[in-house]
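To start, the structure under review is shown below, and the notes come after it.
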Amino acid sequence: MKRIILAAVCGATAFLTACTAGAPSVETVPFGQLSSGEEVTLYRLRSGSGASMEVIDYGCRVVRICVPDRNGAIADIVPGYDNIRDFETGSERFFGALIGRYGNRIANASFPLDGDTVRLTANECLAGCPGHLHGGTKGFDRVMWQAEPLVEADRAGVRFTRLSPDGEEGYPGNLACTVTYWFTKDNVWRAEYEAATDRPTVVNLSNHTYFNLKGVDDGGYVMDHVMQVEADRYLPNDARFVPLGPSESVEGTPFDLREPHRVDYAIDTPNEHLRTMRGFSVCWVLRSQTGELARAADLWEPRSGRGIELRTTEPGLLTYTGRLFSPNVVGKGGRAVEKFGGMLLETLRYPDSPNHPEYPSAVLRPGETYHSTTEFRFYAR
């Protein structure tokens, strides 16, 4: 019964916000308990224009984003879970989550720093080699965060804070983190990340939300979405899903999305990266490397007309289309989350940057502040 009630929330929210469009607002709703007994709270951010976004304080997770299509019909576009039990124990651990301290992979679960070797928790093994993925066994996705609702004239938000202690998952330094999600009247989700440390460390924060612009109720294949990426180069991976080294040109590859194409337009092209990754999983080297907010990509779904213009301060964009989703994943409303059923748009420093001095640095030192901002600008046409 609980699943049915939660699955209906987005539809009810869509009706309510459409009828009460006006000032942005934040509503707090109990979302259940973790196995530890900790109470989890959901924050419903209403844009004031009819759209809404829902996040929880367990892992700073995005639960729903409800936006209109070209005809004004509002639907949830975030595949994933709808209850705390599945977010805590489900096989797809990272649905909607903040990932850190280091988003994506660090090869061999170790890296050099100031003449020493930092050894991290090894929470995966690929091609016979240990690796560190998304912050380790207990990354930022698996902890509770302090939350503060925020409302301004043209946007609603939540600010999450947490102190990651020295040695957590092997990382050096006490890391004070602030993550702020805003949802604006213009239907923009703005994610702002900040961090400061008392010892040299590495930081790479991002969000692991999948999108299906057809709407979760319709679901299905996302490889027919149309995508354009502001990138001339990408990072080929080895069998451990970490970069081989130097970037390569997208020219003549399935990853040449400099002009808009269906995501799968060249999926049958012989390509070693596609074969190794067993599907569409790639980190693009974005043209903008200045650290200023710049256009990174555009994703559009022709049937609904829903789209996302992506802007970021980060140098990389990693996408993944759910090729390895478990066939047993039960998502919202008791429906299966299909293979190729979601598009991940993960903005970040490159995977395994701490082991590649030629990549943009992810090192943070005392006295410095880590800043990262990404905007998901939802539209319909």
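Our numbering is plain: 1 for the first residue shown, then up by one each step along the chain.
The backbone N, Cα and C atoms fix where each Cβ goes, and this holds for glycine too.
Those TrEMBL annotations? Automatic predictions, nothing curated.
Marked as active site, proton donor by TrEMBL: H208. Of all the Cβ atoms in the protein chains shown, 25 others lie within 10 Å of the Cβ of H208 (active site, proton donor). In the three-state DSSP assignment, the secondary structure recorded for H208 (active site, proton donor) is coil.
According to TrEMBL, the feature active site, proton acceptor maps to E346. Within the same chain, the residues at least 6 positions away from E346 (active site, proton acceptor) whose Cβ sits under 8 Å from its Cβ are I99, G103, N104, S206, N207, H208, L317, L318, T319, Y320, listed in sequence order. DSSP gives E346 (active site, proton acceptor) a strand state.
What TrEMBL lists as beta-D-galactose binding site is N104, R105, H208, T209, Y210.
Per TrEMBL, signal peptide is recorded for 1-23.
There are 25 other Cβ atoms within 10 Å of the Cβ belonging to N104 (beta-D-galactose binding site).
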